[in-house]
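Just below is one structure, and these are the notes that go with it.
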Amino acid sequence: MGARGSVLSGKKTDELEKVRLRPGGKKKYMLKHVVWAVNELDRFGLAESLLESKEGCQKILKVLAPLVPTGSENLKSLFNIVCVIFCLHAEEKVKDTEEAKKIAQRHLAADTEKMPATNKPTAPPSGGNYPVQQLAGNYVHLPLSPRTLNAWVKLVEEKKFGAEVVPGFQALSEGCTPYDINQMLNCVGEHQAAMQIIREIINEEAADWDQQHPSPGPMPAGQLRDPRGSDIAGTTSTVEEQIQWMYRAQNPVPVGNIYRRWIQLGLQKCVRMYNPTNILDIKQGPKEPFQSYVDRFYKSLRAEQTDPAVKNWMTQTLLIQNANPDCKLVLKGLGMNPTLEEMLTACQGIGGPGQKARLMAEALKEALTPAPIPFAAVQQKAGKRGTVTCWNCGKQGHTARQCRAPRRQGCWKCGKTGHIMSKCPERQAGFLGLGPWGKKPRNFPMTQVPQGVTPSAPPMNPAEGMTPRGATPSAPPADPAVEMLKSYMQMGRQQRESRERPYKEVTEDLLHLNSLFGEDQ
């Protein structure tokens, strides 16, 4: 083991090997555990010689104890081994690691209570960061630290007189005198236009102060005068006078807070100048997340110098009104006056890829879903199906294929044999005749006028065609359209027969065996 195993004597090593790792467990500590603990101490920058004494182990435990709740498994194992070694040096009889930890923690708590009051950390005195501090009953001015001035300059350079500059100035100038505030303003190198605006506001407020607080006249020698507007601005007063005005017993005048208020008015005017965006123009883009839109809205609202009631109305009305259509639809479903947390939660996924995919899926589902048929259309369609007429028996309610009557031979239209209904020569055709290759006519069909039908009533004019009673009426004159229709039908029939004749002749020749074998058959 070498020197690393020499932190414990032989007797203490024997006692170490009797301590169990866990309560009720079989495994016990061995010398290799001490060697591992020495290696871990090197990682923490602690000397291995600390394990040789009780005080050294106590110092190690003080370092490791604050790290145990959030430490790794190796750190907790090292803490357990040091607790066991501490108990061995303190001649405490322990059976397992848990007992050693309890004893070590009890000793650490007792040492903490015995610590003298001078060694305990004390909080800094209140008001230690303020430029004016009270020492030995007297108020003493301390200049601003370079860190405070640097923070103010960085705030102005980074935000460029944004809405954050006003609360930042309030925090950094807390408890300052007019002298300190002028020092902060003089540190701003750029943005001299804004500085000139602040100077004009200071001059206006100083003039108003002089009008509201006129001078009472000459004061007795040695008596402190009342501050004028220029005194509050720090141009005609010293630091000592400013401190006396702020902390005197009778009628104190907080010149520092008054001057800070004037500077805030100037900064607010600069914020409006450097941020000309009106809150009415803050609208959410079609693809902008709702959270980003809310951040821009409240940033612009922060720059608005209006009454809190007006800001509350803007928040409840304009925030929902200027949202995009998708978010507006969701926000209107939240009811009246929803909280900002509810609005952010409801609009969390709007505008993202998940919401777009959901909309596309809904649109695709609607496109693939068949449109429902109205009930009236279903009844009308069912009624039409019931008017089917059978060509075989002439009855309604079924088709010819479903007819149980004997199959009628020949054409179902004219009753003749030798052809079917689709090739019936008595089909109706228009005056243009049948189409090419036996297709349907290219015009609307015309009904044939049956011959021999005479009108049942005499003509209206008796002088033109009235026959005497008892005489046989003459046949009506032939209609030229009917004659033309008949001629076209005859020509169509002839053309169809001429087209079908070659096929019939070839078929008959093929079926006739004499044409193939001659007289052998």
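Every residue gets a Cβ built from N, Cα and C, even glycine.
The following features are taken from Swiss-Prot:
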type: LIPID; residues: Gly2; note: N-myristoyl glycine
type: MOD_RES; residues: Ser145; note: phosphoserine
type: REGION; residues: 8-43; note: region 'Interaction with host CALM1'
type: REGION; residues: 274-360; note: region 'Dimerization/Multimerization of capsid protein p24'
type: MOTIF; residues: 16-22; note: motif 'Nuclear export signal'
type: MOTIF; residues: 26-32; note: motif 'Nuclear localization signal'
type: MOTIF; residues: 455-458; note: motif 'PTAP/PSAP motif'
type: ZN_FING; residues: 388-405; note: zinc finger
type: ZN_FING; residues: 409-426; note: zinc finger
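Taking Cβ pairs closer than 8 Å, the motif 'Nuclear export signal' (16-22) reaches residues 8, 28-31, 34, 84-85, 88, 94-98, 100 in its own chain, all 6 or more past its ends. Taking Cβ pairs closer than 8 Å, the region 'Interaction with host CALM1' (8-43) reaches residues 1, 50-51, 60, 74, 78, 81-82, 84-85, 88-89, 94-98, 100 in its own chain, all 6 or more past its ends. If you look at the zinc finger (388-405), the same-chain residues 6 or more away from its ends with a CB under 8 A from one of its CBs are 412, 421.
Of all Cβ atoms in the shown protein chains, 11 besides its own fall within 10 Å of the Cβ of Ser145 (phosphoserine). When the motif 'Nuclear localization signal' (26-32) is classified with DSSP, helix, strand and coil residues number 2 helix, 1 strand, 4 coil.
Helix, strand and coil counts under DSSP for the zinc finger (409-426) come to 3 helix, 0 strand, 15 coil. DSSP labels the residues of the zinc finger (388-405) in these numbers: 0 helix, 2 strand, 16 coil. Across the motif 'Nuclear export signal' (16-22), DSSP classifies residues as 1 helix, 1 strand, 5 coil. Counted with DSSP, the region 'Dimerization/Multimerization of capsid protein p24' (274-360) comes out as 55 helix, 0 strand, 32 coil.
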